[in-house]
Structure formats: C-alpha cells, structure tokens
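Notes follow once the structure below has been shown.
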Amino acid sequence: MIKLKNVTKTYKMGEEIIYALKNVNLNIKEGEFVSIMGPSGSGKSTMLNIIGCLDKPTEGEVYIDNIKTNDLDDDELTKIRRDKIGFVFQQFNLIPLLTALENVELPLIFKYRGAMSGEERRKRALECLKMAELEERFANHKPNQLSGGQQQRVAIARALANNPPIILADEPTGALDSKTGEKIMQLLKKLNEEDGKTVVVVTHDINVARFGERIIYLKDGEVEREEKLRGFDDR
C-alpha cells in the first residue's frame, strides 16, 4: 500500500546540506494502522508530506497503492491525493464561511464537477458525517459554532468524502484536550478496523501512538527503531 525505498530528502541552507530524511525504508500494508513518532526536527512531517504526495524525495522511490509517484506530474499527483488519500490536520483547516456539510462536500465538487448532483453530494456528505460520528443536527453549523472535537470530526468526514483507502493524520489530537483527543483516536481506530482504511498518524504523544499496531520512531531523519504493539496479521 505505502512503500518508501531508500528515501532521502535534503534542503540547502547557504552552502550547508540539511538532511530532513536519510535513507528511509518503510513498508505499510493495506489496512494497517501505523504511528510515526519523534522529536521536533526528526523528519515526521517531511515523511508524511512525501507519503501524501505533497513533496518529493531528493533520492529514493515512493509507492502509493503500487503506483510509483516520483515521476508523476502535478496533475497526476493531484489525482493521487484526491482519490487515494484523505488528510486530517491538527488545526482542522475548515473553511469558516461554509457549514460542516458544505466543508465535507468540497472534495466531491472538486472530483466530480457537474457529474454528481447536489442531492447526491449532500447524501454522501451526510453519510461521511455519520461515519465521523457527528450528529446530523450539527450539519448546518459553521466551524465557529462547533467545539474543537466536532470540528475535527468534520475534518475526518471531509477526508472520507472520496472514499480514499489511506488516511494521513498529522497531530490529529494536538489542538484538543486529552478526553476529546482519545475519542478522535477511537474514531480513527474504528475506521481502520471496521472500514479497512490504512491509517498513518504522526504524533509526539505516546498515548496517541499506541492506538497504532506499530510505532516507527524517527530521529535526525532516520528510522531509529520500530515497536510492534499488536499483530496486524492476527486480527
């Protein structure tokens, strides 16, 4: 499902070469839940951006759903992001002027243009809000009328709109209190176990990381170690 092969990412600062990632190898199976941990500057976000086709490696190969993404052009990368990956961010990134329902409809508008009716869009968006466990009575609320946890549920529903096989979550509980954060992680776990989504979570919180089946620890751009928490194959 997701494969990084000898991936290196460098940036140039003056005459100095900075290694954000250094010869990283990673395999994530379809339907797996993997957490990525490490201190600030360890390369967590860079790795997630490369997996999410938001950035390209300096060296190495990246495969998403058996598609090598290195040589894809911008339009092809956009299609990969649109169809195969749902993004969940720490700060929710909802459009403040739109309702919860309209925020979830946006990916459907971009994908289907006029090929999906407004009624079909609304039905799918409501389905996604239900999957994200947000009560329908909040569908017409704007983000500033929702709690942080409710906003993150809307963001998860938006990530599900185009039914991608992969969910990438960058510090999904970072802006939430611990109780609400745990509920959000339980939701991601449910989407993984019941709907078969491949989930990759970047976090600095070990309690969040332990929702995964294994934890990849990064340090100075390299995979320092891996911890297996429970058996993916034995589910």
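Any Cβ shown, glycine's included, is placed from N, Cα and C.
According to Swiss-Prot, the protein has these features:
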type    : residues                                               : note
DOMAIN  : 2-235                                                  : domain 'ABC transporter'
BINDING : GLY38, PRO39, SER40, GLY41, SER42, GLY43, LYS44, SER45 : ATP binding site
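Neighbour density at the Cβ, taken as the number of other Cβ atoms within 10 Å, is lowest among the binding-site residues GLY38, PRO39, GLY43 for PRO39.
In this structure, GLY43 (ATP binding site) belongs to neither helix nor strand by DSSP; it is coil. Cβ proximity to the ATP site centre (mean Cβ of GLY38, PRO39, SER40, GLY41, SER42, GLY43, LYS44, SER45, cutoff 8 Å) flags the following additional same-chain residues: LEU218. Ranked by Cβ neighbours within 10 A across all protein chains shown, the binding-site residues SER40, SER42, SER45 are led by SER42. Ranking the binding-site residues GLY41, LYS44 by other CB atoms within 10 A of the CB puts GLY41 at the bottom.
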